Structures are given as structure tokens and as C-alpha cells.
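Novice: Can you keep this structure in mind? I'll have questions shortly.
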């Protein structure tokens, strides 16, 4: 039909048009509906508009990457932000020297989640030890004065027992069976050792014996109730720092759990003594007669360090 185009005509070459004399006025590109400019068939015929000052011209290659100085500034700002976050999350009663070297953990998502979990648990249940005693092990000596590391698993879950040192209980709570077996081994291994009549091992901790549980809190009367909540990752970080930044430490790994946790210890740099756990269930499988306490002192003396007075309780 005259005056109408077929679909095919849109894909056919346009017939040549007659050239008319130039108009005395400058040509202006026409507009279509609502004043929108019609597209020209030849983009090269339309002068390109210059981008405003400060903007890249269309089609120009992307700008060069950030300079080394800019990247360094970004990293420093990020590190400063993490430090501020860590400072807000410092737990109650965390020793200063330990905080200096371990505060990097406080801003990590797992630790923030862990602190939230423990806080929520305390709202609904009795949790041991109380908040100000969870990190007793950081208050007894400077992190750089640690000489011996004894790894435990889980805090005691009875009233007034756990106070932030593995195997240790507060006075006047009687020593639990595992600690009683430790005292029995001491009485045969260390000359003149006498049962102290209590279970508080703070005297060892003040001499540089780190008494560290893998999990640092527990719900009352429910052993292992706070396992796999993040404590293991945090105490792994503690052991890792000591492993990498100290020399000649003596690690006492009693039982398969402690031995697994200490499997990454550099045995060329430190001393590792392993045996069965002092629990009544396993004490006769190697703990009695292990002589770990006298052996520890021999190793410390070889390293030029002052031995532990195991009687000082």
C-alpha cells in the first residue's frame, strides 16, 4: 500500500536521495515524539559532545589502578578500624600483656559471636566460671614469662570450682579426682612435696605455668555444653602465639584431647611431654610414674630458665 512500509523494507538498502541546496540557516537535528532526538543513520556525522570537566570522555580506557600510597592508606585505615572494634570487645579481666598480643582476635566475627553466645547463656543459665574469672590465666603472669603450658579441656561445672585455671579449684572446695591424682604423682616425683590441703594452683600460674583449658566456660552441671562455640579457635590462637613467639617452653599434654590440640607445636623449638590423662579412668595408663614435673624442671634448667617450685601452692 502506497505510503506504508513493509517489514522487509526496514532491512533493505535505502534508495539514494537527491541532494538539495543547502539551507541558509544551520541544519538542526529533528526531534521525534516528546522532543526526543531521532537517531541518525551515520553517527560519525554528528559531532561528539565533550564530557564535562573532571569526567572521562566516553570510550576512553579505565583509569589507572590505585597508587601504592593509596593502597597503603586503605590498609592502615582498615587496621585502625579493626583495632577500634577489638578495643570495644576486650573481655572483662583480660591481662594487659596478653591483650597486647591477642587483641587481634577480639574483632573477628567468631569471637564477637562467641561473646554474644556466652552473654546470652548467662541470662538463662548459671555459667562457670563467673565473668571476672574466665581469663584468670592472663592475670597470673606476663605472656612473655610463660615457661610451662598444661592444656586442659573443659572447666569444672560444679559450684565454686572453676576459676579460670585448668585442673585448679577455688578454696575451700576439695580437689577433684584428677587433681588428687596429680598430687599423688607429685608426691613420688618431687622430693618433699606434701599435699597442700586445697586445690588452688595459682602458685604455679604465678611462676609461669599456663593452665589453659581449650573451652573457657561451661553451663552448670552440663560438661562440654560450650564446646564448638568458638573457644577452641581462640585458645588455638593463644597456643599458636606462644609456639611462634617463645622458645624452650615445656608443653605437658595429658590425654588424647590435649595431644591433638598441641599437635602443631614446633618440637624443634619447644619441649613436649605426653602421657595419659590423670582422670581415674586413665591414670594407670601412663600418668602415674610419668615424672613430668621433675622432667620439666630438667628441661627448663637446660634452657637456662628457673625451674618451677611445684611445692609453692
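Residue positions begin at 1 at the first shown residue.
Here the Cβ of each residue, glycine as well, is placed from N, Cα and C on the backbone.
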Novice: Need one residue: from 103, 178, 187, 202, the one Swiss-Prot lists with 157, 256, 277, 279, 282, 285 for dsDNA.
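Specialist: That dsDNA site, as Swiss-Prot gives it, pairs 157, 256, 277, 279, 282, 285 with 178.
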Novice: Here are some residues: 99, 295, 305. Which is flagged as N6-acetyllysine in Swiss-Prot?
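Specialist: Record says 295.
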Novice: Report the candidate from 77, 89, 213 that shares the uracil site with 153, 167, 277, as recorded in Swiss-Prot.
Specialist: 213
Novice: Report the residues of the chain - excluding 153, 167, 213, 277 - with C-beta within 8 Å of the mean position of the site's C-beta atoms, for the recorded uracil site, in sequence order.
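Specialist: Filtered neighbour residues, in order: 151, 152, 154, 166, 178, 214, 254, 255, 257, 258.
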Novice: Where residue 154 (active site, proton acceptor) and residue 167 (uracil binding site) are concerned, what is their Cα separation in Å, rounded?
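Specialist: Cα-Cα, rounded: 9 Å.
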Novice: Taking the Cβ of residue 167 (uracil binding site) as the centre, how many other Cβ atoms fall within a 10 Å radius?
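Specialist: Excluding its own Cβ, the number within 10 Å is 19.
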Novice: For the region 'Interaction with RPA2' (73-88), report the average pLDDT of the model, please.
Specialist: 68
Novice: Using Cα coordinates, what distance in whole Å links residue 167 (uracil binding site) and residue 77 (site 'Essential for recruitment to stalled replication forks')?
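Specialist: Between the Cα atoms of residue 167 (uracil binding site) and residue 77 (site 'Essential for recruitment to stalled replication forks'), the distance comes to 43 Å.
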Novice: Cα-Cα separation of residue 285 (dsDNA binding site) and residue 277 (uracil binding site), in Å?
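Specialist: Residue 285 (dsDNA binding site) and residue 277 (uracil binding site) have their Cα atoms 8 Å apart.
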Novice: Say we define neighbours as other CB atoms within 10 Å of the CB. Which of the binding-site residues 157, 277, 285 has the fewest?
Specialist: 285
